[in-house]
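Colleague: Sharing a structure below in structure tokens format, with a few things to ask.
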Amino acid sequence: MLELQGIPVSPGVAIGPALVLDADGYSIPRCYVNETDVADEYHRLQQAVDDVSRSLEENRLQTSAKLGNSTGDIFAAQLQMLHDPRLAAELRRRITELQQSAPYAVSQVLHSYAAAMRRLKSTLLAERADDVIDIEKQLLHALGAVRSAPLKELTEPVIILCYNLTPSETANLDRRFVRGFCTETGGAGGHTAIVAKGMELPAVVGVGEFLDRVGQSTQVIVDGDHGRIILNPDEATLSRYRSGQEQQRIFDRTLEQLRDQPAETTDGTLVSLNANIEFPHEVAACLERGADGIGLYRTEFLYLASEQEPSEEDHYQAYSQVVRAMGDRPVVIRTLDLGADKMGHRPRADNERNPFLGLRSIRLALKNQDIFRPQLRAILRAAVHGDVRIMFPLITTLAELRQARMLLNVVGEDLREAGIECRTDIPIGMMVEVPAAVLMLDRFVKEVDFLSIGTNDLVQYTLAVDRSNESVADLYQSSDPAVLRLIEKSIYEAKKAGLPISVCGEMSSRPARALLLIGMGVRSLSVPPNALPKVKKAIRSVSIKECEEIAERAMTFESAREVDIYLADRLRALVPELLHQ
Ligand code: PEP
Ligand code: MG
């Protein structure tokens, strides 16, 4: 049994057999072989090396004939790498001494060579690193390892263990068979984490290197509540986790009874409790759990989950489905937030060194109006079916907001002139997720109808910490006093201007932090569907005075740690049932 610690990003416990994917999504069916199979495994590798050599030599000859010797030499260099004596010795050692399977040894050794070359930061070596990865892929192919296909063809429950999963790969996981996942990289605020929560898939990320410790058909426990992963658990651990799962089911059933109760404090202050969704099908879970509305519809996932760029009609169908299903409850449709870790169908500019500071979100939408216009048209058309509100993400300057509003006006006029049914009088809001926007909020409030604080990005940009980087995950805290001060200022400016303000970042889904936000004056929260019951339970267990006391005291601390210790203390006293939720 081996227990490893990572970052908990999506709650729940999953137990099942491991499916290990290597860094490029190749499925490595077995990482280790029996002692008696070592000789055969080594022979398999030698055959794969011969096959790849032959194909490289063919490529060299054909390319030289067509494009000249200097181009053909690319393959000559790859051949030389493939027959490098140190590489051959290391592969042999891993298979014969460590009993690694041939694909696993290939994947491990060639990836570490490529990583070492990239670390040297020379353009020439970086290109060489790509050649190394190319050889790895050819060898894996020759060894019968298949790329991604197993994820599409699953027939049994699995737990995915891999280097990384992108948000779109996560969105495309087959929920019927994938019970949970665990990755070596990734941080708490990344969109992969958010999608996992939306799919109610227990997940742990940022464990660091561990895949080489996963044996053949290892049983795994993913403990998404505590960020733990347990390989080959013993019987006692398995039964402890199984009974924990049962207790959780019982507790969840008691919370189900709150579905039709309002999110109201013990002394009658009403909080609007809404849900965040990525896909239309999540509406069912929102309704089942009594959401007051959709507080954040992350529309970019329409791009991430489909093979072709969505058309205006695709947008319209998706939005209409959500709006109709929600009846007269509000639906806040956030415009495309593509870029950074959420890439669509167009390749990212290759000179983006800091994608989170680059062409993402509203910036990308304004620069690519051929993508943005169809979405805006679809939103205005879908608005005839219910209470639709539109929200622009990552607004940093007034000029951006004005440009977005202007485009919306133009699109609305186009629709009307063409006699297409639409609504152009819908409320327009902006996300507050950049410190610059908070500092300028006294101006922004004059030009929008509502605000929503996106703490996931606000934390990232305030504390200068990449939300999906496990190495700085300990700094990524929405309870940091600097973040709390920005939230406090946002609430102050909204109140002064008489504008509704909500919090739709992940912060609001943690019960103690939700109480803190309410104490600071927030009366509207938006959380992933699976967090609705516990946040409602927290709200219904406290008075507004208790929330205000929490806020007043929390604002006096100097570090996130002090704030968290205090919040845990208050939660233990006020709603002990939720302490471990
Ligand atoms: C946020 O940044 O808090 C937010 C809600 O948006 P996203 O997580 O999609 O960036
Ligand atoms: Mg954001």
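Positions of Cβ are set from backbone N, Cα and C atoms, glycine also.
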Colleague: Do you know which of ARG259, ARG334, ARG416 TrEMBL groups with ARG298, ASN456, ASP457, ARG467 in the phosphoenolpyruvate site?
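Modeller: Same phosphoenolpyruvate site in TrEMBL: ARG334.
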Colleague: At the Cα level, what's the spacing in Å between ASN456 (phosphoenolpyruvate binding site) and CYS504 (active site, proton donor), rounded?
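Modeller: Per the Cα atoms, ASN456 (phosphoenolpyruvate binding site) and CYS504 (active site, proton donor) stand 9 Å apart.
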Colleague: Taking the Cβ of ASP457 (phosphoenolpyruvate binding site) as reference, which residues of that chain separated by at least 6 in sequence fall under 8 Å from it?
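Modeller: Expected: LEU394, MET431, GLU433, VAL434, ARG467, GLY505.
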Colleague: Relative to ligand 1, which of the recorded positions ARG298, ARG334, ASN456, CYS504 have a Cβ found under 6 Å from one of its atoms?
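Modeller: Result: ARG298, ASN456, CYS504.
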Colleague: Measuring Cα to Cα, how far is ARG334 (phosphoenolpyruvate binding site) from CYS504 (active site, proton donor) in Å?
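Modeller: CYS504 (active site, proton donor) has its Cα 11 Å from the Cα of ARG334 (phosphoenolpyruvate binding site).
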Colleague: Which of the recorded positions HIS191, ARG298, ARG334, ASP457 have a Cβ less than 6 Å from any atom of ligand 2?
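Modeller: Once distances to ligand 2 are taken from each Cβ, ASP457 fall under 6 Å.
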